[in-house]
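Participant: Below is one structure. I have some questions about it.
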Amino acid sequence: MSSNSYEVSIPMSKKLNGIPETTSKDLQTLTEGAVLSFHNICYRVKVKTGFLLCRKTIEKEILANINGVMKPGLNAILGPTGGGKSSLLDILAARKDPHGLSGDVLINGAPRPANFKCNSGYVVQDDVVMGTLTVRENLQFSAALRLPTTMTSYEKNERINKVIQELGLDKVADSKVGTQFIRGVSGGERKRTSIAMELITDPSILFLDEPTTGLDSSTANAVLLLLKRMSKQGRTIIFSIHQPRYSIFKLFDSLTLLASGRLMFHGPAQEALGYFGAIGFRCEPYNNPADFFLDIINGDSSAVVLNREDIGDEANETEEPSKKDTPLIEKLAEFYVNSSFFKETKVELDKFSGDQRRKKLPSYKEVTYATSFCHQLKWISRRSFKNLLGNPQASIAQLIVTVFLGLVIGAIFYDLKNDPAGIQNRAGVLFFLTTNQCFSSVSAVELLVVEKKLFIHEYISGYYRVSSYFFGKLLSDLLPMRMLPSIIFTCITYFLLGLKPKVEAFFIMMLTLMMVAYSASSMALAIAAGQSVVSIATLLMTISFVFMMIFSGLLVNLKTVVPWLSWLQYLSIPRYGYAALQHNEFLGQNFCPGLNVTTNNTCSYAICTGEEFLTNQGIDISPWGLWKNHVALACMIVIFLTIAYLKLLFLKKFS
């Protein structure tokens, strides 16, 4: 079979209703857009296999010598699962880790700028938009952080309104996107909102990772019709897709077929059927071309069987045994390399590359920002506050539980007496207050885990700095959600329990509970940062607090702990909080009825004063004995927050 016979075209003349025909004016517009070319793209990753003692690292080839040109229009990357289409898309969008990556990606013949990922648009497969905000509020956030500060608010609002109108979101512009607790817009409208977030910057190149995933056939078709209209405005739209139906396939301008990291076809989508027909794979009538191509690649198509029967005798006579055993994918890749489509692509690639010879892709991890740190901090804090108010289930539930626990504890330990039983009751209730603050702070793990995908996408796209996001979340979520419950808990329990009737003692207790809550929450952030599953972070937090409780000072007298384990007490958050609360409450108290501490009266009780109790517990009764606990908690807050920030900063943000 000669390679020259591959150049066969089967035009797909029928078109969908509602799609305008391409006019000469459209062609002129398309030629003025951005042309992305990729030259000899190879990508390998190192994979660890085997068990712990027998683990070895092997290098796996993901993409091998991929070449092509993406022009203004709809450029589809099609292939089976694991074929490398998402990897190729991420490489073209400069969102793939450059380790193991080689080749060139050019824009109109020039290297991509270092901040290409910030100037282009990228719509991820899972729609990462804030569900508690309206469509317009999400777009306002994108415009505020991605558009230059030289633009006025009026100009930004005009851009937002234009994008809303262009994507047909007028009717739902002021509706919430929706969460699992809040009813919002439809799946198609949510996908269009994700696209609108990227169109705010008016990019010439738009990347989409499987934009039809999770949508029904009608909604998926509507999304692709929208992309088709956008492509006619001169945009280069590049997207991966798994198994489109026929009406969607007909919209494609360019088709790239990948399998096992090899290029099966790259060229005009309407000529793909003709190409495969020319090499012996005939599509049955009424079969979806996209399904037909995937069947060929997977080797389970009737066309493959017919092809093997037709060329079987010829292969037996002319081919060597090693050639007959060549896998189908290898044969298809070889067919394409010998085809006229590949030769035409090489001519275009040589025109773009010119005489420049580049060895490998540079590391495109640079991220640029259109706004300042303070501007980003303001908008992140504002969005987080709106998210808190728009999703009140968690916050209200936490406040209700706080009030309920405060009343229950107040009823159980109501009006503590200054007698020996009061010593035990005070020690018990102060221990409960401390541990309750710790375990209530476990909810802080969700602060960074739930929004991990949103954070990674927005950071790579140049919305904000890591520092802006981190401090914005602290100001809007962590501080109010830990401070308010501590204030409420103190106000309810302090007077019901009948603790020391001094103003300074009341505020010291409130401060101590806040510090314990902040320390525990900071520890939760340090553990949760970078985690993808809330349950894992919660489990680690719970185990840590259980061990900390042992060294808090109630369950075991810390003076009796063996030296080689006693150092663990200095890592216990409850220990510092519990010691501070005991110092604040017991100092100056008299627990022996009728005992005059100013005289030499004797008493039958082992402990009569608060000082004696504190000394027995190994607590320093000096003023520094109180405040050193707050200093220790403050140091732990700084250390844990630093760990959380560094984990966010060095989080693997590129796939």
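Every residue gets a Cβ built from N, Cα and C, even glycine.
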Participant: Which one of Asn316, Asn600 gets the tag N-linked glycosylation site in Swiss-Prot?
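Facilitator: Comparing Asn316, Asn600 with the record, Swiss-Prot tags Asn600 as N-linked glycosylation site.
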Participant: Is it true that Swiss-Prot lists Asn65 and Leu454 on the same side of the membrane?
Facilitator: yes
Participant: Of Asn338, Asn596, which one does Swiss-Prot label N-linked glycosylation site?
Facilitator: Asn596
Participant: Let me make sure I understand the structure: which of the binding-site residues listed (Gly79, Gly82) has the fewest other Cβ atoms within 10 A of its Cβ?
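Facilitator: Each of the binding-site residues Gly79, Gly82 was scored; lowest Cβ tally within 10 Å is Gly82.
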Participant: Could you put numbers on the helix, strand and coil content of the topological domain 'Extracellular' (557-630), residue by residue per DSSP?
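Facilitator: Output for the topological domain 'Extracellular' (557-630) reads 41 helix, 2 strand, 31 coil.
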Participant: Can you count the other CB atoms that lie within 10 A of the CB of Cys592 (disulfide bond)?
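Facilitator: For Cys592 (disulfide bond), the count of other Cβ atoms within 10 Å is 19.
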Participant: Under 8 Å, at least three CB pairs between the transmembrane segment (396-416) and the transmembrane segment (631-651) (pairs 6 or more apart)?
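Facilitator: No; fewer than 3 Cβ pairs under 8 Å.
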Participant: Taking DSSP three-state, what's Gly187 (ATP binding site) in: helix, strand or coil?
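Facilitator: DSSP call for Gly187 (ATP binding site): helix.
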Participant: Restricting to the same chain and to residues at least six past its boundaries, which positions have a Cβ under 8 Å from a Cβ of the transmembrane segment (429-449)?
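Facilitator: The answer is 394, 398, 401-402, 405, 409, 413, 416, 455, 473, 477-478, 481-482, 485-486, 489, 493, 497, 513, 516-517, 520-521, 523-525, 527-534, 537-538, 541-542, 545, 548-549, 552, 554, 573-574, 577-578, 581-582, 585, 644, 648.
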Participant: Kindly assign Lys85 (ATP binding site) to one of the three DSSP-derived states: helix, strand or coil.
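Facilitator: DSSP assigns Lys85 (ATP binding site) to helix.
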